[in-house]
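Copied over from TrEMBL:
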- Cys116: active site, proton donor (ACT_SITE)
- Lys22, Asn23: phosphoenolpyruvate binding site (BINDING)
- Arg92, Arg121, Pro122, Val123, Asp124, Gln125, Asp304, Ile326: UDP-N-acetyl-alpha-D-glucosamine binding site (BINDING)
- 7-405: domain 'Enolpyruvate transferase' (DOMAIN)
- Cys116: 2-(S-cysteinyl)pyruvic acid O-phosphothioketal (MOD_RES)
Amino acid sequence: MDKLLIEGGTRLSGEIAISGAKNAALPILCAALLTKEPVTFTNVPRLNDIGTLLRLLEQMGVKVSRDADVVTLDASGVDNPVASYEMVKTMRASILVLGPLVARFGEARVSLPGGCAIGARPVDQHIKGLQAMGAEVKVEHGYVHAKVPRLKGARLFTDMVTVTGTENLMMAACLADGETVIENAAREPEVVDLANCLVAMGARISGAGGDVIRIQGVDALHGATHRVMPDRIETGTYLCAAAVTGGEVRLTGTSASYLDSVIDKLMDAGCEVTAERDAIRLKGPARLAAVSLRTSPYPAFPTDMQAQFMAINAVADGTSIIRETIFENRFMHAVELQRLGADIRIDGNTAVVKGVAKLEGATVMATDLRASASLIIAGLVAEGETTIERIYHLDRGYERLEEKLSALGARVRRLR
Ligand code: EPZ
């Protein structure tokens, strides 16, 4: 298994381009199932998760063509509306094919994703919404089996804010008979990006980005071309890496407008942040001030940036309190950061982080995508060499990671 070796102590400086958003591209690629016409997507990040989804779509009969960051999907020949356990277990976002398959073909068999390192991650809200739209849904032998001649528009209320739940139901509603209203909808920018793509394909959607989304079902969608939005979590991750090393970077092809809560915290920590039209600049202080945070649905502080902030707080001046309210087990990076010398005490969904003067390089193990990002950030500022094992987690969500870090002056190399 690949490892990453990082020699700590360099200030990051320079300029890199941010890739397309993984969590926008995943639902958007599934939207191609909703039409028999070809759909072209640009700024699609080259990530393992994207590759996994494209293989799954191919298995269903979708014609996939890909050239660098451009992907064209043709779902006219789909003849197998099934997502097998073998595919879904490696990438739980595969559940996002469920809504489009039921909407277009009236039937779908999708393996339950199962949990992952950060939590049980059930999909009961996805199922509840489809049932409310008239689908007969059975969960047996680890598969969700949904059937309906045609979905009917309905008033849906999710018990909690769910990003992919909102996305699945919004896609399903595009071809339903009548109006669907999704209340308590997720407001994440990735939901808005998906809605913009669906509207370009002929869907009738209003309210995306708010907590009530209205969809007027239509008989068919048509082809379109859509550019995937920038990855705000990749952006935030590099901002944290620059901040903790006291560096100065410029990130292009991205926007500060999706990261208000994260940028606020970085400024509270002592960073100078300048937003340009499609770039962000950050200059870190000699030492960051500790900043407390509580994860919540957008536009509040994103759970996908929690691990990265635990890493920068580990060497900040002062004590911070981190509360994780979205997932039940998203502190696995804490024990690995402790191996580097961090002073972190975990109490349920709260972490108390006492900033230490320095971390010391060691061998650590990645456990999930964003936890591995936090270990990289810590390794960049630790004294000596840090070896991060199981970095396949990283390759799922960060495109050309060591290339981008090296371009900013980090001393990092991959060991095959
Ligand atoms: C999306 O996951 C993201 N993934 C996650 O990013 C992100 O952490 C998460 O939203 C929260 O922002 C993609 O978009 C592909 P949820 P998702 O449904 O949709 C509970 C990353 O690192 N819930 O918003 O699966 C759930 O257990 C990944 O890029 C139910 O109980 O998250 C969680 O506690 C990690 N039943 C909470 O809601 C359901 O039916 C929010 O989950 C659905 C969710």
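Yeah, the Cβs are placed from backbone N, Cα and C, and that goes for glycine too.
Known features from TrEMBL, placed on the structure.
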{"residue": "Lys22", "record": "phosphoenolpyruvate binding site", "DSSP (3 states)": "helix"}
{"residue": "Arg92", "record": "UDP-N-acetyl-alpha-D-glucosamine binding site", "DSSP (3 states)": "helix"}
{"residue": "Cys116", "record": "active site, proton donor", "DSSP (3 states)": "strand"}
{"residue": "Arg121", "record": "UDP-N-acetyl-alpha-D-glucosamine binding site", "DSSP (3 states)": "coil"}
{"residue": "Asp304", "record": "UDP-N-acetyl-alpha-D-glucosamine binding site", "DSSP (3 states)": "helix"}
**Q.** Intrachain C-beta neighbours of Asp304 (UDP-N-acetyl-alpha-D-glucosamine binding site), sequence separation six or more, cut-off 8 angstroms
**A.** Ile233, Gly236, Arg370
(Q) Does any of Arg92, Cys116, Val123, Asp124, Ile326 have a Cβ within less than 6 Å of an atom of ligand 1? These are the recorded positions; tell me which, or none. (A) Val123, Asp124, Ile326
**Q.** Between Asp124 (UDP-N-acetyl-alpha-D-glucosamine binding site) and the residue listed as 'active site, proton donor', the C-alpha gap once rounded to whole angstrom
**A.** 16
Q. From the Cα of Pro122 (UDP-N-acetyl-alpha-D-glucosamine binding site) across to the Cα of Asn23 (phosphoenolpyruvate binding site), what is the distance in angstrom?
A. 18
Q. Does anything in the same chain, at least 6 positions from Arg92 (UDP-N-acetyl-alpha-D-glucosamine binding site), have a Cβ under 8 Å from its Cβ, and if so what?
A. Pro113, Gly114, Cys116, Arg121
(Q) Between the two most separated Cα atoms in Arg92, Arg121, Pro122, Val123, Asp124, Gln125, Asp304, Ile326, the residues recorded as binding UDP-N-acetyl-alpha-D-glucosamine, what distance in Å do you get? (A) 22
Q | Stretch-averaged pLDDT - the domain 'Enolpyruvate transferase' (7-405) | A | 96
Q: For Val123 (UDP-N-acetyl-alpha-D-glucosamine binding site) and Lys22 (phosphoenolpyruvate binding site), determine the Cα separation and express it in whole Å.
A: 20
**Q.** Largest tally of Cβ atoms lying within 10 Å of a Cβ, found at which of the binding-site residues Lys22, Arg121
**A.** Lys22
**Q.** Cβ packing number for Pro122 (UDP-N-acetyl-alpha-D-glucosamine binding site), 10 Å threshold
**A.** 14
Q) Given the binding-site residues Asn23, Gln125, which one is most crowded in terms of C-beta atoms within 10 angstroms? A) Asn23
Q) Which entry in the list of binding-site residues, Asp124, Ile326, has its Cβ near the fewest other Cβ atoms, using 10 Å as the limit? A) Asp124
Q. So how many other Cβ atoms are close to the residue listed as 'active site, proton donor', meaning within 10 Å of its Cβ?
A. 16
Q: Would you count the other C-beta atoms found within 10 angstroms of the C-beta of Val123 (UDP-N-acetyl-alpha-D-glucosamine binding site) for me?
A: 20
